[in-house]
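**Q** Quick one: the structure is below, questions incoming.
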Amino acid sequence: MATCFLLRSFWAARPALPPPGRFRPEPAGTPRRSYASGPGGLHADLLRGDSFVGGRWLPAPATFPVYDPASGAKLGTVADCGVPEARAAVRAAYDAFNSWKGVSVKERSLLLRKWYDLMIQNKDDLAKIITAESGKPLKEAQGEILYSALFLEWFSEEARRIYGDIIYTSAKDKRGLVLKQPVGVAAIITPWNFPSAMITRKVGAALAAGCTVVVKPAEDTPYSALALAQLANQAGIPAGVYNVIPCSRNKAKEVGEVLCTDPLVSKISFTGSTATGKILLHHAANSVKRVSMELGGLAPFIVFDSANVDQAVAGAMASKFRNAGQTCVCSNRFLVQRGIHDSFVTKFAEAMKKSLRVGNGFEEGTTQGPLINEKAVEKVEKQVNDAVAKGATVVTGGKRHQSGGNFFEPTLLSNVTRDMLCITEETFGPLAPVIKFDKEEEAVAIANAAEVGLAGYFYSQDPAQIWRVAEQLEVGMVGVNEGLISSVECPFGGVKQSGLGREGSKYGIDEYLEVKYVCYGGL
């Protein structure tokens with residue numbers, strides 16, 4: 001059953017909600033809120049349609065629609081912020097920074113912890129929002145909310161672990177002091193595939209460091225960012241510290257340019273495509289801003305002859321089909337050694353047929369939701385057709401799902417070659433292409449033959465091989481006999497054109513801190 005968001009106004013007494021699909025008249029001058037009438041219902045306070053700037057819910061001159069990717073139904077409309085709204089949000093964040101940076105680390109820690117507590121208290125509603133606007137299965141959405149909240153918990157603790165240094169210099173009457181100070185206003189630009197976790201992973205670190213933020217969420221999934229704003233406000237995060245400016249696809253370019261060029265912004269943190277990242281880097285270069293970027297991936301998944309096949313198949317399922325293959329670290333290229341190839345392909349196909357169920361994310365038992373939009377479906381379809389035309393074999397799947405719309409069958413291809421689009425381009429969909437290889441050196445060469453290097457996976461029971469391959473793979477993160485590698489305690493990021501900097505872990509907060517050296521003389 002599809003969930004439907006309806007924008008409406010609330011009277012002080014809050015009358016009973018109308019039936020799904022119907023609107024009540026809106027009293028003039030009241031703030032816009034949203035509600036959803038879906039499985040279990042949703043708490044109305046979490047569903048907002050306005051921007052959140054300077055601690056206030058503000059409309060924009062225009063709105064844009066948000067759609068349920070599973071049904072195509074309109075969920076509601078959200079403020080379509082443009083250049084004036086973006087500049088106002090930056091100014092609000094800048095004004096708030098002057099006081100927020102002076103708040104004690106203990107108080108910042110307590111506020112982040114309170115925000116975490118509120119996320120946990122509202123985890124079910126937050127998960128339903130994710131499923132409604134992104135399409136991912138509710139169970140996965142629930143997992144994302146817990147993962148998302150953990151970043152707030154983690155950085156609430158890291159706020160109290162921002163340490164400096166005292167250095168004894170070569171001069172007897174001098175000492176060097178090293179201080180860490182917040183960089184300033186951070187512009188946070190996030191993707192649709194993890195609409196909550198990608199915000200808290202960045203914002204948690206920024207606020208813990210003493211920075212203020214302006215968040216521009218993806219146009220497909222703005223409700224999650226606005227729900228987080230509501231909870232941040234309830235937690236007591238001061239006005240202007242956390243700002244959200246949703247905008248449509250048509251205005252994304254101009255808003256992004258403002259965030260990258262405004263002199264009041266000191267830091268850019270972006271998760272998205274490599275192509276968009278390059279554009280933002282170009283804009284940020286003119287004012288030499290601090291930049292963190294988590295960009296595209298083309299993750300190799302290597303299975304060596306020594307691997308435990310069942311374990312490798314389980315890892316492949318976890319790595320490839322989470323969020324229907326729409327994750328930046330999901331396996332894009334499967335490289336399987338000749339001696340184990342046929343067994344792996346057979347068991348992988350069996351696991352896919354047995355375990356994967358395509359459907360609406362709210363339906364019990366669904367493991368594969370829709371792709372985010374028609375363009376995403378067309379990309380997967382194009383890659384499958386290209387591979388088949390060049391000689392690949394469809395083992396299972398291979399076409400749009402019978403449900404129609406944005407659904408695509410989980411697909412396994414064999415007899416794949418390196419010249420196929422599914423090997424050279426990131427898929428971001430439920431497509432698993434398998435290449436057969438003979439030698440370790442060959443697999444490593446294929447894996448490293450990419451301009452990007454975010455994550456990589458391999459399965460082996462040979463200790464010497466494990467050390468060699470882990471060191472040789474040109475990626476920022478490696479999964480050894482493991483298909484799920486993300487953890488709040490560990491650094492997340494890539495090499496080559498997969499990005500700059502690291503998020504999460506003890507290293508994540510450093511992305512929002514400047515190191516200042518003070519020479520103390522005359523001692």
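Our numbering is plain: 1 for the first residue shown, then up by one each step along the chain.
Glycine residues also receive a Cβ, built from the backbone N, Cα and C atoms like all the rest.
Found this in Swiss-Prot, in case it helps:
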ACT_SITE  GLU294  active site, proton acceptor
ACT_SITE  CYS328  active site, nucleophile
BINDING   ARG201, ARG322, SER486  substrate binding site
BINDING   ARG201, LYS216, PRO217, ALA218, GLU219, GLY272, SER273, THR274, ALA275, THR276, GLY277  NAD(+) binding site
DISULFID  CYS328-CYS330  disulfide bond
MOD_RES   LYS74  N6-acetyllysine
MOD_RES   LYS114  N6-succinyllysine
MOD_RES   LYS123  N6-succinyllysine
MOD_RES   LYS128  N6-acetyllysine
MOD_RES   LYS253  N6-acetyllysine
MOD_RES   LYS253  N6-succinyllysine
MOD_RES   LYS347  N6-acetyllysine
MOD_RES   LYS353  N6-acetyllysine
MOD_RES   LYS390  N6-succinyllysine
MOD_RES   LYS399  N6-acetyllysine
MOD_RES   SER403  phosphoserine
MOD_RES   SER487  phosphoserine
SITE      ASN193  site 'Transition state stabilizer'
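Tell me about the surroundings of these features in the structure.
**A** Taking Cβ-Cβ distances under 8 Å and a sequence separation of 6 or more, the neighbours of GLU294 (active site, proton acceptor) in its chain are PHE270, THR271, CYS328, LEU454, PHE492, GLY493, GLY494, SER498, GLY499, GLU503. DSSP assigns GLU294 (active site, proton acceptor) to a strand.
CYS328 (active site, nucleophile): 27 other CB atoms within 10 A of its CB, across all protein chains. DSSP classifies CYS328 (active site, nucleophile) as coil under the three-state reduction.
On its own chain, ARG201 (substrate binding site) has SER148, PHE151, VAL488, PHE492, GLU503, GLY504, GLY508 as residues at least 6 apart in sequence with a Cβ closer than 8 Å to its own Cβ.
For the recorded site, GLY277 (NAD(+) binding site), the DSSP three-state label reads helix. Contacts of GLY277 (NAD(+) binding site) defined by a Cβ separation under 8 A and a same-chain sequence distance of 6+ are given as PHE270, MET293, LEU295, GLY499, in order along the sequence.
Counting every protein chain shown, 13 other Cβ atoms lie within 10 Å of the Cβ of LYS74 (N6-acetyllysine).
DSSP classifies LYS114 (N6-succinyllysine) as helix under the three-state reduction. Sequence-distant neighbours of LYS114 (N6-succinyllysine): residues of the same chain at least 6 apart with a C-beta under 8 Å from its C-beta are ALA235, GLY236.
In this structure, LYS123 (N6-succinyllysine) is part of a helix by DSSP. Counting every protein chain shown, the number of other Cβ atoms lying within 10 Å of the Cβ of LYS123 (N6-succinyllysine) is 17.
According to DSSP, LYS128 (N6-acetyllysine) sits within a helical segment.
Under DSSP, LYS253 (N6-acetyllysine) is assigned to a helix (H, G or I) in the three-state scheme. In sequence order, no residues are near LYS253 (N6-acetyllysine), counting only same-chain partners six or more apart with C-beta under 8 A.
The Cβ of LYS347 (N6-acetyllysine) lies under 8 Å from the Cβ of VAL309, ASP310, VAL313, each of which sits 6+ residues away along the same chain.
Long-range Cβ neighbours of LYS353 (N6-acetyllysine) (same chain, at least 6 residues apart, Cβ-Cβ under 8 Å): THR396.
Other Cβ atoms within 10 Å of the Cβ of LYS390 (N6-succinyllysine) number 14 in total over all chains.
Under a cutoff of 8 A between CB atoms, and with a sequence separation of 6+ in the same chain, the neighbours of LYS399 (N6-acetyllysine) are GLU381, VAL384, PHE408, GLU409.
Annotation for SER403 (phosphoserine): spatial neighbours VAL358, GLY359, criterion Cβ-Cβ under 8 Å with sequence separation of six or more.
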**Q** Which site among LYS128, ARG322 has the most other CB atoms no more than 10 Å from its CB, taking these as recorded positions?
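**A** In terms of Cβ crowding, the pick is LYS128.
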**Q** Could you give the Cα-Cα distance between ALA275 (NAD(+) binding site) and LYS74 (N6-acetyllysine), in whole Å?
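**A** Between the alpha carbons of ALA275 (NAD(+) binding site) and LYS74 (N6-acetyllysine) there are 29 Å.
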**Q** Between C-alpha atoms, which of these recorded positions comes nearest to SER486 (substrate binding site): LYS128, ASN193, GLU219, SER273?
**A** ASN193
**Q** I'd like to know which of the binding-site residues PRO217, GLU219, SER273 sit within 10 A of CYS330 (disulfide bond) at the Cα level.
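**A** Those near CYS330 (disulfide bond) - Cα within 10 Å - do not exist; the answer is none.
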**Q** Just name the winner among ALA275, CYS330 (the recorded positions) by count of other CB atoms within 10 A of its CB.
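**A** The largest 10 Å Cβ neighbour count belongs to CYS330.
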**Q** Out of SER486, SER487, which of the recorded positions has the smallest number of neighbouring Cβ atoms within 10 Å?
**A** SER487
